[in-house]
Structures are given as C-alpha cells and as structure tokens.
Amino acid sequence: MAAHAWPTAALLLLLVDWLLLRPVLPGIFSLLVPEVPLLRVWAVGLSRWAILGLGVRGVLGVTAGARGWLAALQPLVAALGLALPGLASFRKLSAWGALREGDNAGLLHWNSRLDAFVLSYVAALPAAALWHKLGGFWAPSGHKGAGDMLCRMLGFLDSKKGRLHLVLVLLILSCLGEMAIPFFTGRITDWILQDKTAPSFARNMWLMCILTIASTVLEFAGDGIYNITMGHMHSRVHGEVFRAVLHQETGFFLKNPTGSITSRVTEDTSNVCESISDKLNLFLWYLGRGLCLLAFMIWGSFYLTVVTLLSLPLLFLLPRRLGKVYQSLAVKVQESLAKSTQVALEALSAMPTVRSFANEEGEAQKFRQKLEEMKPLNKKEALAYVTEVWTMSVSGMLLKVGILYLGGQLVVRGAVSSGNLVSFVLYQLQFTRAVEVLLSIYPSMQKSVGASEKIFEYLDRTPCSPLSGSLAPLNMKGLVKFQDVSFAYPNHPNVQVLQGLTFTLYPGKVTALVGPNGSGKSTVAALLQNLYQPTGGKVLLDGEPLVQYDHHYLHTQVAAVGQEPLLFGRSFRENIAYGLTRTPTMEEITAVAMESGAHDFISGFPQGYDTEVGETGNQLSGGQRQAVALARALIRKPRLLILDDATSALDAGNQLRVQRLLYESPEWASRTVLLITQQLSLAERAHHILFLKEGSVCEQGTHLQLMERGGCYRSMVEALAAPSD
C-alpha cells in the first residue's frame, strides 16, 4: 500500500469498529456470558482492542509515508478498548455504590449509538496522543532513547544477573515491610475512636517492630549487593570504552582532540556509571515502594486511589519537558567541558614551552575564558532543575489537601473508617513522595543520557581502517615497495603530502631517506607502520599490501623509532619489553640495551632496570629516551627497522655503536633498514639514498652518484656545509 492510501485504511478501521460495536461483539458475548453483564463488558472491550490492534499492525506494516503519527493508533485502540470496561468497573467498585447489573449491560447499548461512538473517539484521541508522547522514553526502532541506553548499560552485567534478581527480591520484601507502620497506625486509630481495648495490641506492636527492623536489614543487604554489582559494571564499562578507543584508526586521533577523548573515556564514563549506580538505585527503590503503596492504597479506598492517580499526568508533563531541555543542556555542557580540559591538557603537557615563553598567565586566562563560556549553560541547567522541583512541590501540596477533603467526605458517609483514612493518608503521602523522587531523578537520568550517547558512539564506532588482516608468514624477507603512492592526512584531506611516490627498499640494505622539511619523510614512516592507508597506490611488503598482514604479526616484523619517542610511566624493563606477546629474559633486555647505548645509564640508577622513567619518560634526557626506544625496537628483531632521526640526540659514541650494529653486525646483514635523517654523516654511509621533495622522489642513488649528478641532493649538502653568517 502506498503512503497516500493511509486514509482509506483508517476509514476501513472505523467501519470495522462500528460493525463490531453494533451487531457483532455484543450479540456474541450476550450468548456466551448472559448472567454476568460486567464480564460481558470486559469481553467486548478486550475483543475490540485485540481486533483493532491487529488491524493497526496491518496498516503500519504496509504504510510507508505516515508512520510517525500513525504509531499513535496503537494507544488509541487500547484506550477505546479499555475505556468502557474501566468505567463500568470504577462505578461498581467506587465508594458511591455498585451499579445494577442491568446498568452495565446498558453501557454496551449506549456505546453502540452513533453519538456515543463519536464521543468515545473524541475522548480517546487526547489520551492516546498523551500516551504516545510519554512513551518516547522507550524510543522507536532506529532511535536510541533513555530506556534503550539504560538497558544497554545493564547489558554489561549479563554475568551478574543472579545478583540483580536477588537485589530485586530483597527490595520488594523490604518495601512490603515498610507498609507495617501506616497499616498498624490505622488500626490503632480505630481502636482509640471506638474506645476499645485490643487484647492483641502488644502482639501487633511487636509484629510492627519486627517487620520494620526486617525491612531495614533487607534494605541494607540489598544495597550492599547492589553496590558491589554496580562496581563491577563501572570497571567493565571503563575498560570497554578505552579498548574501543585504542582500536580506532590513527586518523581518528587527528580529528578528535586528546582532551575531548580523555573526557569521554574518564569523566563521561564516570557520569554514566554514577547515574546507573546511584540514580538507578533510588529509582528502583522508590518504584518498588510506590507500587507497594499503590496496592495498599487500592485496598484502603479505590475511589481515593483513582483521584490520586488522575492527578499524576499533571506531575509528569512538565518534568518530561524539562528532562528533554536538561538532556540537551547536558550535551552542551559536556562539549564545553571537553574544550576547557583540552586547554588545560595542552598547557600541562607543554609546561617547558609555556615557561620558556613566560605565558603562564596567558594559559590561565584562556582556561578561565573557556570556563566563563560554560556559565550561561550552567545557569540554564540550574533554572530548569529549580523550576521542575518547585512545580512538583506545589502539585504535591494541592493533591494532599484534596485527598484530605475527599477522604473526610467519605468518612462522614461511612464509606471508609477513620483508621482506614489515616492509613490511606500515610500511604498517599509516601506515595506522593515516591512520585516526586522519581520525577526528580528523571532529569538527572536524562542528563546522563547526554553523556552515555557519546560513550556509545565510541563503542559502536567502526574504524575506517579496521585491523582485519590475517597474513602471518613464517619467513619474511623484508622487501618493501611503494607503488605510485598518494596520501593526504584525514584532518587535511585536500593537502596532498605524497604524490605518485614509487621506490623499493631491499633486504640487507640501509636506505637513507633525506629531503627538506615537509617533504613527506615522516609520512613514509607512518605508512610503513600501517598507521594510515594510502589514498592512492599500494604499499607492499614481500609483495602483499600491508593491510593484509595480521596486526600483531606485522608489528613484530616492523619496528620504528622516532626523533622524540614517547615512553610510558613504567620501569625500564617494561618499556623495553613493551608490546611483546612473550616475556623476554633479563639477558635479552640487557643485550639490546647495550646495543642501543642505554645499559650504562640504566645501570647507574639504584633500582637499575626496575626504575620508573616518569610520565612519558620526562625524567630522562632526549638522548636517553632515544636509546631506550631503540632498545624497544631492537628486542623485536624486526625484518624492517625504521629510524626517523632516531639517533639525533645520542652522543657520538653511541651513534657510532648504532652504525656498527646496522652495517657490520652479521645479525643485521639480511634485514631492511630505512634511515630518515638530516645528518650527512649518516646519509653518506647508506647503501642507497632517496631524496624526497614535495611528496615524490626527486632523485636516488649512492652518495657519490648523487654528488656527481649535481641535483637536489648535492644542493642540500652544499647548503648544509656552507658556513653560516
């Protein structure tokens, strides 16, 4: 059925409903249940709901263009089906007295009239629209609402479902125990007013005390189990989010500032887990309490309970609207907070630079500026919260006054006893409080949704370049080929860094890559490590594209050391063995440290290789960090070693030691080495030199060949050798 055909379907449903009410359903159920008119009313109503519900599902299934508001037909048919049975039951059970059974049967006859039929739709449409609107907490398919987020967060507790079930049982038992005080207070009131002595008074008082104490003990046990379980969820969510971030492609970290990522992994995740562990605890507790109170209220006075429930929509509407405002403000606050965190992170991570430029006050002012930008958002957030709390307080007060007035009228008529009214008022006060707490929790839970959406963005995000390769050959030669490679960084897609780059790196050879700054030398190193994918051409290793290799295998065969390597805030031993799937022996660690020139200064520390290097290795000099990073690469015994100005901070003795290792060690005679450098002494000794200019190879050959050619390489050598003014 096309989208424009929905009016025909709606008219058909109206015709079916009219026929059901006129001759069909009343006639059938008058034969099946002739002696019980109230049961007949319920049978007609439920059958009407079921038949129309199937029709609505059919309309929604074949109508494509108007599904948004047509979804409200489902609560509409429910309202139509339940309205008449609900009215009949209310009139029968209310304090105004039971109807005659004939009156119940007369309701069916009245509802089959045309004017009543139209009136039922007029009355049901607003109720259905409200139902459909409030039902947005559980968002339709394709949209993640707060309920979906909550269910997904609880999905992290799949292995702890038994504990959650136990918590729910303890919660229900504890809530039932809390009903003892209002219940026995009502009974005592009746005894006093009737001037009777109750032989079982003491026994009832003891029973009330026992139930109250048991309720407290059960609540304590439930809270303890709940908090332990939520702590498990907290740890798991943090771990899963951080793991998801680590598996993103390298370009992801260029597009997203480190401060923003850190804020999501730490602060946003903590906000969500805090909401689940604290707010959900309160929500479940007051929900269970409210349901128990509602049951006792119905037992005390069905009429007063209906009056109380009819006032609840007024309490729900405004908080629902404020919750949406609160959620949007929460997202904006989190984004603004991430920006201020990024400013602080940049300043703290570059303190030597900040101090060398005497810009401490400038950074502080910039941070204050970011915080000032958050103030309007915080004010709006606070105003929405205060308005919501004030509205609930006034509504609750009006409800209490109304219940006292109506309850007094029922006592005067003899419909309820004074004790029952006292118990009901106590139940109703606690029930209203439970509703108020639930509504006050709702905006804060909406606030956590703003943060959880960001978290699930990371958990659901598929890397643009997934590490899905599977090649892991037993023997690798280390032959590297760049075939017409082009590349632009993801954060600057219109700036071509490499253009038509073609060259070969041979096993057993040291190839030097030289060229001016910005020519793409470090980009070549990044592509060889499979940190990025070329936008054009291929990067082959032993004839296979790098992306085809298993991620862990590739990085045991390819190792790189940069000019400013980062170390982790761990021991020398852990930094050198970083990333290895096996645990190296101390002899292996010492051997590579000696080859890189790191052993001597490491041995000078009191704790030797167990000494912590500080955050990012900031307790070491640049040369010491390079030596440790070089040892970290050498211990892998890679088939391809990439040195990107990796020895520039080493002293002359250690530089010579590294050169002897690369050129004279039998172990390195068959390995491939790419030496990215601006030092002529290192380039001269290389077996082959590639001169890179504007993202492509300008010329290549040995040092002597390039000097004789008199091209770009020779010009650079002469410029570096020329005395400065």
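Cβ atoms are placed via backbone N, Cα and C, with glycine included.
Here Swiss-Prot flags 515-523, 618-624, Gln678 as ATP binding site. As annotated by Swiss-Prot, Mg(2+) binding site applies to Ser522, with the evidence given as experimental evidence. If you look up Swiss-Prot, you'll see 164-447 marked as domain 'ABC transmembrane type-1', on the strength of sequence analysis. The domain 'ABC transporter' annotation in Swiss-Prot covers 480-719 and rests on sequence analysis. The region 'Part of the peptide-binding site' annotation in Swiss-Prot covers 352-397, 430-464 and rests on similarity to another entry. Taken from Swiss-Prot, the feature site 'Inter-subunit salt bridge with TAPBP' applies to Asp17. The annotation topological domain 'Cytoplasmic' is assigned in Swiss-Prot to 1-8, 61-67, 132-163, 226-275, 327-395, 442-725 on the grounds of sequence analysis. The topological domain 'Lumenal' feature in Swiss-Prot is assigned to 30-38, 89-110, 185-204, 297-305, 417-420. Per Swiss-Prot, the feature transmembrane segment maps to 9-29, 39-60, 68-88, 111-131, 164-184, 205-225, 276-296, 306-326, 396-416, 421-441; the stated evidence is sequence analysis.
A map of Swiss-Prot features onto the structure.
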residue : record              : contacts (Cβ under 8 Å, 6+ apart)
Gly515  : ATP binding site    : Lys521, Phe691, Leu692, Lys693, Cys698, Cys712, Met716
Gly518  : ATP binding site    : none
Ser522  : Mg(2+) binding site : Gly562, Asp644, Ile676
Asn618  : ATP binding site    : none
Ser621  : ATP binding site    : Ala649
Gln624  : ATP binding site    : Ala598, Phe601, Gly617
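Break the topological domain 'Cytoplasmic' (226-275) down by DSSP state and the numbers are 45 helix, 0 strand, 5 coil.
In the predicted model, the topological domain 'Cytoplasmic' (226-275) shows an average pLDDT of 80.
Remark: secondary structure over the topological domain 'Lumenal' (417-420) totals 3 helix, 0 strand, 1 coil, with classes taken from DSSP. Mapped onto DSSP classes, the region 'Part of the peptide-binding site' (352-397) shows 43 helix, 0 strand, 3 coil. In the three-state DSSP reading, Gly518 (ATP binding site) counts as coil.
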